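Trainee: My structure is below; once you've seen it, I'll send some questions.
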């Protein structure tokens, strides 16, 4: 009898699994099925992420508390879903974006932007639940901004209806920013205050209006390219069929984004060292790639054979200042201090036999000094990595010169050989646990009329050298099911199923 009961229990459990029931959440959930479109080579060549400081950009005065404004142009997004605004619902394809906070769609009053004529537009006169607001607003992007005004209307997401959600009716879209975009608008899932202009974001209203009983949402991207379902966002819970094992949770920082602290990054089994003491990382569902500091991206390019940009200025630093950098590092000086002379107005690294830099006060000369300073800091870091490996000075300089030929292209992506089997794993450390990415996970394949192209899934993003910033986009999120815990201000990662 006990055996029959046990078998019945196993059968029920197996049936529950096959039906996809979720033991982590109740019925107050909202499921959003994501659709996927292939990346377009022309779009992603120009897809970039930008940041700027809210308190200026003095490289010698940045603090860990300094806020950043995080902006992008959405040209590389792949995942979309449909929502409805108004009664009856007017349908729009939107990007569900944890890297922003606003909900915006094109307005029927958008007359002077070609992009608006290529997508669905919101018509307030057709909605029975429209409420006029009228306050103007501007949302910045990497290559410009969109302009419009606020309105209020019921917003349908999946099976849920958010009452009187404030959103932006866009009346002017940048020509080059959105002309090639494959979506109508953006639904931000970031925190109120990050860029929301004091408007309560959609997710907050879902919680306030008790549409969901648990203040979490989870994000899953399907790694099976043949599947009809490209992914899913589940508001109010998580679907355990989408992940394996337990989630590793890390707290969200106080900067207004879904931002966490990460640890060291490994190329194969080799530590890069830059984030040993911690780096910031924004978890962003609205970008396809992984962005990070040029210092590390150059090392990754070198290790995986990605195309790079050759810099004669970088090589000049190695040849003219390499000996001084080597000696100062051996003396125990931290890499941040090695280039102090170049990065200030002292005009020298402080070693008598070094060539002196003649820095004038012209804008071009100041820019040249800043560029030289950046290269000096990178070269110092690369040489320190080699010193830790107990490499000789000649080998360290040889490595630095090789990296000077692999700098990430600041205006696009790095091509790579599509034969990925020999490439190393790239591993992030999050919550003292390793999160490796295999080559087939970080190499992006783009298929067009000329054939298959392969790109590195890593792109350069530079903020302040004392506060390296990473952006973990879809190339990372495809590998790891992610839970955004609003109540406990934490993010959880588990291996995606």
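Backbone N, Cα and C define each Cβ position, glycine as well.
All TrEMBL annotations are machine predictions without curation.
Not my notes, these are from TrEMBL:
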type	residues	note
ACT_SITE	97	active site
ACT_SITE	284	active site
DISULFID	110-116	disulfide bond
DOMAIN	79-494	domain 'Peptidase A1'
DOMAIN	369-410	domain 'Saposin B-type'
SIGNAL	1-20	signal peptide
Trainee: Of the recorded positions 110, 116, 284, which one has its Cα closest to the Cα of residue 97 (active site)?
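Mentor: Nearest listed residue in space: 284.
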Trainee: Could you give me three numbers for the domain 'Saposin B-type' (369-410), the DSSP helix, strand and coil residue counts?
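Mentor: When I sort the residues of the domain 'Saposin B-type' (369-410) into the three classes, I find 31 helix, 1 strand, 10 coil.
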Trainee: Whole-number Å distance between the CA of residue 284 (active site) and the CA of residue 116 (disulfide bond)?
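Mentor: Taking the Cα atoms only, residue 284 (active site) lies 26 Å from residue 116 (disulfide bond).
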Trainee: Within 10 Å of the Cβ of residue 110 (disulfide bond), how many other Cβ atoms can you find? Include all protein chains, please.
Mentor: 23
Trainee: Restricting to the chain of residue 116 (disulfide bond) and a gap of 6 or more, list residues whose Cβ falls under 8 Å of its Cβ, or answer none.
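Mentor: In sequence order, the residues whose Cβ lies under 8 Å from that of residue 116 (disulfide bond) (at least 6 apart) are 106, 107, 110, 170, 173.
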Trainee: Out of these active-site residues, 97, 284, which one has the fewest other C-beta atoms within 10 Å of its own C-beta?
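Mentor: Counting other Cβ atoms within 10 Å of each of the active-site residues 97, 284, the minimum falls on 97.
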Trainee: Need one number: mean pLDDT over the domain 'Saposin B-type' (369-410).
Mentor: 92
